[in-house]
Structures are given as C-alpha cells and as structure tokens.
Amino acid sequence: MATVEELKLRIRELENELIKSKQKQSDAEHNIRPKIEQMSAEVVDSNPYSRLMALKRMGIVQDYEKIRSFAVAVVGVGGVGSVTAEMLTRCGIGKLLLFDYDKVELANMNRLFFQPHQAGLSKVEAAQHTLRNINPDVAFETHNYNITTMDNFTHFMDRVSHGGLEEGKPVDLILSCVDNFEARMAINTACNELGQIWMESGVSENAVSGHIQLIIPGETACFACAPPLVVAANIDEKTLKRDGVCAASLPTTMGVVAGLLVQNVLKYLLGFGTVSYYLGYNAMQDFFPSMAMKANPQCDDRHCRRQQDEYKKKEAERPKQEVVQEEEEVVHEDNEWGIELVSEVTEAELQDASGPIPDLPEGITVAYTIPEKDGGSGETVEETEQSLEELMAQMKKI
C-alpha cells in the first residue's frame, strides 16, 4: 500500500501533467512567434528588440546582446517575483529559473501578471506559460516546491550551482522575491555556502514601503548579519499569523519594487550606471534612502564569516594603487601689488576658543570643539556698603 508521501508525490505529478497538457492546447490556439537567433537594432514593427538595442546606440550600454548569456534564478513568483520575471523576459534574459510552491488564487488578482483563468495552476507553470508566449527566446526551468525543506533545499542548491545557461555552470544571480523570513534565511544560507551573489527584495506588511539589497558574500552584510527583530528574537513567524487577517498588498508598490530590482539587475549584469547596495522606498513621502552595509564579523552564519575571511585575504593580496593628488590650478600667477589675506583672529586666540578633540571612531570628525571652562571666569563683584546715589556719582565722574 502506498504511503501518504508517495500519494502526494503522485498527485503532484498528475497535476503537472495536466498543466502541461493545458499549455500544449493553449500553445496550439495561440500564435507564438518564431525564435530570433540574434538581436537586431533594426527599427521595424516586427523586431521586439529594437528599443532595447537603442540603449547601445545612445551610449548607455556597450553590449546589450550580452544579456542573452546570463541565467537568473527568481525565488518566489508572487507580487514582486512574477513582475520581476516578466521584466527580465521582456529584456531578453538568457535563462530564468523559477522557484515557488504556491498556486494561483483569485486573491492574487489585486496584484500584477496573473489572470483569473489561471487560478488553481501552480505559479511557476502559469508564469512559464505566459512568459514563453511573451518571449520564446528565453529558456525556462521551473521548480514547484518549498525550498525550506531539507530535501528541496539540497536540490535548490544543486540547481543554482549547476543550472546556468550552460548546464553544469552556476547561475549568474539569484533574486529573492519571497514573503517570509524562513525562505530568506534559506536563500541566505545557500548563497553564503556557495559564495553566490544575490539580491533580496521585500514589501512591507502595510504595502506602502519596500526595499532591494545587493548581497555579496563576505563583502557586504548578509541577511543574517543584520536580521529583522522577528529573526533575531528566534520567533516562529507562523505564530504571528491570525485567521482572517492578511497583509495589505498594492500593485503599485509591487510594481515599483520589482522595477527597482530589475533595474539594479540590468546595471549589475551589463555594467552601466551605479549599482545600489541597498535602496529603500517609502511611498508615503516618496523617499528613497540608499546605503551600503558592511558584513558583521560576529555573524551567526559560519559560512558568512568564512566568506569574510576569504574576502579580507583577497583585499590584502591585491596591489595597492597609489593615489596621485592633482595640484590645484593657480588662478592668478602674478600678484603685482603684493596683496595678502590676513586673518582677524590670531593663532593664540583660536587655540583659546577651541577645546580638546575627543577620541572618535575612524571616519568620524567634529565640526568644532568646545573650549574648556575657565576657572577664573566665575568671579563675582565684591560687596560694598556704598549707597546707590554714591555709586551713580562715581559713574558720572568716569
């Protein structure tokens, strides 16, 4: 007699077969354009790449065709992940690996990409079907499972390390578009162990803010270096969920965060512009904070600490480049009249008005110092027995 796990596996296989048969039927009904072997800059209505190739003509990107040589893994095909996958597909990425265990629901329709008739299908298969119709030149690989389980995590690590555009090579980038901290920590652990560069993204529970973050193992802070409170406190986030209560979701915020993420991906892969290490988005004030976070030497992830040690060794071995200071150009070489600028404050007065410089961490300076209090400045006028009239008479004589 078959076990429960075997039955579940068989059900999953049958569901995937049903999805594939529906896709074949749908593909036959729809007219999918033939594959394009080489990107062209020719401006004609039938060329889907003409406006992308215009970036090369305008001097933004040197070699846009290079995008076809990259493989990107997208983990989480929800509000942010599905739009991210769509944008990368339209940009002509070489290969997309999609990971998600969830199914399309009518509750997802407030977000972008998915359509009502896809309800009940797995998100990865529904996404692959739609994306292949958009751009058949892109190679797709889908995995319908939860990466946080032991067996699936092992398979996930195997695919991101061997599922590149050329089989056996690693992917070029992993994009985290998941909506829970457990999955983020799983991706973080895998990338630290493999030394894989990845980008993390997220939208707040109230749907009016979000962020993207580039994580380079050993060089920048990983997700475990500065974890959210729910992770640092070892709280099981499943206990925080309540029946009948869900997080808010806006397609506008999802679209903005997905756009910022893909823009950063393109800049990183194609080498143009400035790649953001961390970029936040606050929709209430239209505020976009940007920063870079250093790796935590006391990080709980041992693979992160190992990557930090390897990065420090590489930096120490790298030859230091001498910085040549340019001499300031003299505006007026001749000073016929011998004019000089003289300060109104002497050096002694300046020292008296300044205080000691405090001991501060490296990189921090003070704008000014506070002078020490003079012990004699607190002296008061001696008391006198003279009357007010006598004092006024003395002042008149002065």
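Cβ coordinates come from backbone N, Cα and C, glycine included.
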Region 'Linker' according to Swiss-Prot, located in which of 2-32, 312-342, 343-373: 343-373
In Swiss-Prot, ATP binding by Gly79, Asp100, Lys123, Asn180 extends, among Asn47, Asn146, Asn206, Asn264, to Asn146
Which residue range, 127-142, 159-174, 383-398, is the one Swiss-Prot calls motif 'UFC1-binding sequence (UFC)'? 383-398
Cys246 (active site, glycyl thioester intermediate) has how many other Cβ neighbours within 10 Å of its own Cβ? 10
Among all protein chains shown, how many Cβ atoms are found within 10 Å of the Cβ of Cys304 (Zn(2+) binding site), not counting that one? 25
Between all pairs in Gly79, Asp100, Lys123, Asn146, Asn180 (listed as ATP binders), what's the biggest Cα distance, rounded to the nearest Å? 17
Between the Cα atoms of Cys246 (active site, glycyl thioester intermediate) and Cys222 (Zn(2+) binding site), what distance do you get, rounded to the nearest Å? 28
Could you check which of the binding-site residues Cys222, Cys225, Cys299, Cys304 is the closest Cα neighbour of Asp100 (ATP binding site)? Cys222
Spatially speaking, which of the binding-site residues Gly79, Lys123, Asn146, Asn180 is closest to Cys225 (Zn(2+) binding site)? Use C-alpha to C-alpha, please. Asn180
Look at the binding-site residues Asp100, Lys123, Cys222, Cys225 and tell me which residue has the greatest number of other C-beta atoms within 10 angstroms of its C-beta. Cys222
